[in-house]
Amino acid sequence: IVSERRGNAGCALPAAVDIQPACLGLYCGRTVLSVNGSVETYGDCGVCPRGQRTDDNKICRECMGSPDRYDWLYLGFMAMLPLVLHWFFIEWYSGKKSSSALLQHVTALFECSVAAIVTLLVSDPVGSLHIRSCKVKKLSDWYTMLYNPSPDYITTVHCTHEAVYPLYTIVFIYYAFCLVLMMLLRPLLVKKIACGLGKSDRFKSIYAALYFFPILTVLQAVGGGLLYYAFPYIVLVLSLVTLAVYMSASEVESFKDLLVRKKRLVVLFSHWLLHAYGIISISKLDKLEQDLPLLALVPAPALFYLVTAKYTEPSRILSEGGNGH
């Protein structure tokens, strides 16, 4: 703050200068120590407390906003990842003779649902399904540890904090609750109902979870920001690829083949839900009159596969090639 005093002759006298050191770094800020009316007293430049981020004036402010629709869709995607992996490994290891797969699927859904609700309840404000958050402005908000300044190129000022509060840490909390609930419920359930499996096979879906949960944790820690911007396209691509692989492996070539087994219809509708989720995440449904018609494209990949499957049958291609030769 610089102020000038002038003498009787109008000449400028030495200025009274009160200068605070500049707050360097993209995410360093000054905490508000006290508020006296409209006057605020600030602390030294440094890291903002949890639940705060810097404003345009480098002052740490409370995150008082609410997640927007895209933020909730991102959190829904991160919540679906362990559930889909649970279902995949349960189906993979349950075997055709086991009748316990359905109950394990329901149990996995229950575990993830309860974990999601508990995670929201323990987040600020505690006891409410609503959470307060800071708005995501750019990709660097997810990686504040990469933007710690070094004013003299020797000493580093550590200003790492959660600028996207709580979108980064809430996922870790959710995974922790999922893991705890799985360890409490699933072993007892599998031990009683998985009588169609051998002793060494009945717990393999649980062992698989003990591997993929650390992988998901590292994925969120390293690539959380990238996933935030790319997850709609990941959902679309993976749902298309997995649907094609499943229908090919199940030898589905017509609508009649789909109706033979109810399980195939369940898988088909599940993929359609994923297609719809990806489309909604990309469009964000900002303009309903333009975005809602896009949902009519959800059945298109499956219909295209069923229409063209008979023309791409490997045996037919080989036979026609042999006849032509």
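Each Cβ is built from the backbone N, Cα and C atoms, and glycine gets one as well.
According to TrEMBL, the protein has these features:
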TRANSMEM  72-90  transmembrane segment
TRANSMEM  165-185  transmembrane segment
TRANSMEM  206-227  transmembrane segment
TRANSMEM  233-252  transmembrane segment
TRANSMEM  264-280  transmembrane segment
TRANSMEM  292-309  transmembrane segment
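Between the transmembrane segment (165-185) and the stretches 72-90, 206-227, 233-252, 264-280, it is 206-227 that has the most C-beta pairs under 8 angstroms. Relative to the transmembrane segment (206-227), the listed stretch 72-90 leads the set 72-90, 233-252, 264-280, 292-309 in CB pairs under 8 A.
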